[in-house]
Amino acid sequence: MTTLAEPPAVEVPPEDRPPLRDRARRVAVLVTAPLRRWPSRDAVIVAALVAVVGCVYLPNIGGFPGASDDEGTYLAQAWAVREGLGLAHYTYWYDHPPVGWLQLAALAWLPAAVAPDALAVAAGRYAMVPVVAIILALTYVLTRRLGFARPTAAAALLLLGLSPLTVTLYRQLFLDTFAVAWLLAALVLALSPRKHLWHHVAAGAAAAVAVLSKETMLVAVPAVAVALWQGTLRGLRGYSLVGATAGLALVGVFFPLYALLKGELFPGPDHVSLIGAWQFQLQNRTGSGSVFEAGSSANKLVQSWLFYDWVLPVAGAIAVVAGLFVRRLRAPALAAVLLAVMVVRPGGYLPAMYVIGLLPFFAIATVGLVEIAARRLLAVDPLRHGRRYRASVALLVASTVAAVVLVVPVWTTGLGRAVTRADNSGYEATAVWLRAHAPVEPHARVVLDDVLWLDAVNAGFERERVIWFYKLDLDTAVTATLPRGWRSVDYVISSPAMRADPNILPNVAAVLTHSHVVVTFGTGDDRIEIRRVDQEAQ
Amino acid sequence: MPAVMLAAMSVLLFAFAAMTLWWTMHAWRTPETLAATRFAAPDGTHDLTFSLLVPARHEEEVLEHTVARLMTATHTDLEILIIVGHDDPGTAAVAEKIAATDPARIRVITDTNVPKNKPKALNTALPHCRGAVVGVFDAEDQVHPDLLAHVDSAFRATGADVVQGGVQLINFHSSWFSLHNCLEYFFWFRSRLHLHARKGFIPLGGNTVFVRTEVLRAAGGWDGTCLAEDCDLGVRLSCVGAKVVVAYESAIVTKEETPDTLMSLLKQRTRWNQGFLQVLRKRDWKRLPTMRQRMLARYTLTGPFVQAFSAVAIPIGLYIGLVMDVPVNVALLTFTPVVPMIATLMFQIVGLRDFGQQYGLRIRALHYARLVLGAFPYALVLSLAAVRAVWREWTGKNNWELTKHVGAHLPQGGEPVLEGAAA
């Protein structure tokens, strides 16, 4: 304040300055000083960079990538929360902790306002816009709090935000995206420059929300502990670590407590249970094979990530391993390495969107290492070691050019795909058909995949009669509503997701076999068929 | 409807517990707040003169030791006024004997009030004080020789009217409740009191408190009818805008002992709580300049009673949430007040470790076990004390219940003695 109020003008000698104007200037400085502090320079940079990312993130957000079954699931469960039906519209069986789609439910006003008539999943993706903006901002802030310069933090934000892999996966309605936002928040809070005890408690609580948004984040929690250790001073560290533990445990415990109060903590004969669900997730899930074994599903999945962008995952994977040995980068690097152990561990189940949790840390570690290397190279006195200095500059320029040459073609292809491809046209056409047909047969029983469920209900079909296809075989509560078994079904909407594994679901196989096509949208494997069930077929 | 009430009650209990925890942890909020709780190092000059009041009632055993220790202070501009009752010839004889060793600096004041209590004794001595600053100590206090030098420079460096030094119960090993009692003091003097000083509303402690003599005289001294005359003085001085500084340095705190039995702890706490109630009813706090200060005063003075209520209400809420047929969301809400409660206990565990480190004491697994297992019983004892206080105030009983001191904090120990003007 005092520096701002100092007479600023050298060209006007003090004795010539009218006292009234001087006072007016002082008042003006007093009034505008707080405004000048906010928005801060960092806030302006983040806003501008997020807007840049928005230019590739927003256009065609509903058209690419193709809607995934999981997106429909979470969106429908968020819808159930909003409608007051509980945590899911089917029996909630503790498959995932619910905080992810509770947040999605809280953001549901956004798609309704922006795209009320679009395919539900396509419109729902607008709910991810603020989440992704927050992730980008937190990536910037975390990089700054790790002690890196503004350009480095800006580069981290852009490396993350412009990677076609990010644009592809972060557009989708995945719980991992919510979870990684909270994990970043936990790290940012743990490294609070004020070293405030309640920021540290909040860091623990944020980590708990991350885990309750997506349970796989549990493996990354030790990274928050590392950040806390680095972000606290002796004498206060004990209080901060215990405070964070309290935040983590006391927020986290509400999930098992919920199960306990519902009588669903322990497995039992006639009800779902939290522990039973965990046992299923850990033991009964079919493993995805080894990443390093060609043809395994884990290997195929990693290949598909690298198809969208190999630059960020490859550079990031190297950087996070190296980052473990750099004090400043240890926390984010550890988060990524711990999460990555899940990818390379043989035989485990690898979810399709798993890499979402790794990407921000890949970006931070990559740019952080670059800054450290650049500073090392340039830490030569240009006057005394002119040659070495010029060589360093040349090396830096050359590697920057090489990186740009490498990245630009990969990213322009990927981003071009992201802003142009219309991968959901089949679903969109089906949604239109549902809306047109619902008034004709509102009581029809429709079996479909998760993506279309909310569209069917919104179109006017009865909620109890719109059925996720695998519930037909797997949920006894659903089969109990079908007096004649599969013969009670009127329509089945056959999509690639449904046709993937016909043999393990006998009722689904039956309705697909004993039905005829009413209308088809699209061609080839991606086609969507609306089929009328032949209820009297033998 | 019962579900709504249960939910509302849970939210209130949560808010109260969270607020209390927030304030309790004040000193450890940031490195800056922690640094601000320390005494600045003394600058070496001794400008102020001290009149140290030591009320003694049936304290023959410990008085000589306490005064001798006070006389070893590095700050030499002091006089000691030992206040004895006219009905206590034993202590008076000891006091006279001590005074004879240095008649210029030690005097004996005889208090003829009936009935006797600590504030009346202090008021009796106030006109005799010659020093610029009046300090109060209890007869069993172990005072550090450097304390006055620190207080002197704290007065001058901050321009304060009042300096409250740290007091620490130290015999955590004596019993399960003494451990909890010690930790209460640790959190209060180490942390919470600093917040009160900063916000401009402070219930002062009973000893190691220093007030500029003219400020104390202007305020009319202590309230001879109040059971918490220390708290009351703090409230009245806060109202007139006196600047209060709290300074804590583990090396120079005044060391005291906890009550030796659960019963005497209960009586002591009953007296404090009743004193708080009296201060609340006196309404002096209503004259505090800002709304926030008045809210803090109301909150602090009713604190023991809300805390007592919480200790009973939270388990009942949990029982209802678990056993009775209430909606899951409401049942979850009944658990929210437990969150700050358990967090408090977790912070106490770190606090116990910190306490051990600061005072060079060995904390063993047994002590941590006593801390965790004793937390709820201790809360119940405090609740009982709060109920007794309300009952006694209601029925008009306001005599002083005595606190026994066994000298467990003194290196050589000592015989049990009765002390009317208790800590």
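Heads up, the Cβ atoms here are built off N, Cα and C, so glycines get one too.
TrEMBL: automatically predicted annotations, no manual curation.
Here TrEMBL flags A:107-250 as domain 'Glycosyltransferase RgtA/B/C/D-like'. The transmembrane segment annotation in TrEMBL covers A:43-61, A:126-142, A:148-166, A:173-191, A:241-261, A:305-326, A:333-352, A:358-379, A:391-411.
Using a Cβ-Cβ cut-off under 8 Å and counting only residues 6 or more beyond its ends in the same chain, the transmembrane segment (A:358-379) has close neighbours at 135, 138-139, 142-143, 146, 148-149, 152-153, 155-157, 159-160, 163, 165-166, 169, 180, 184, 312-313, 315-317, 319-320, 322-323, 326, 328-329, 332-333, 335-336, 339-340, 389, 392-393, 395-396.
Listed stretches A:43-61, A:148-166, A:173-191, A:305-326, A:333-352 were compared with the transmembrane segment (A:126-142); the greatest number of C-beta pairs under 8 angstroms is found for A:173-191. Same-chain residues lying 6+ beyond the ends of the transmembrane segment (A:173-191) with a Cβ under 8 Å from its Cβ atoms: 70-71, 74-75, 96, 99-101, 103-104, 121, 124-125, 127-128, 131-132, 134-135, 138-139, 141-142, 145-146, 199-200, 202-204, 206-207, 209-211, 213-214, 216-217, 220, 223-224, 227-228, 230-231, 244, 331-332, 335, 351, 353-354, 356-357, 359-360. In terms of DSSP helix, strand and coil, the domain 'Glycosyltransferase RgtA/B/C/D-like' (A:107-250) has 116 helix, 0 strand, 28 coil. For the transmembrane segment (A:391-411), the most Cβ-contacting stretch among A:148-166, A:305-326, A:333-352 is A:305-326 (pairs under 8 Å). Taken as a whole, the domain 'Glycosyltransferase RgtA/B/C/D-like' (A:107-250) shows an average pLDDT of 96 in this prediction.
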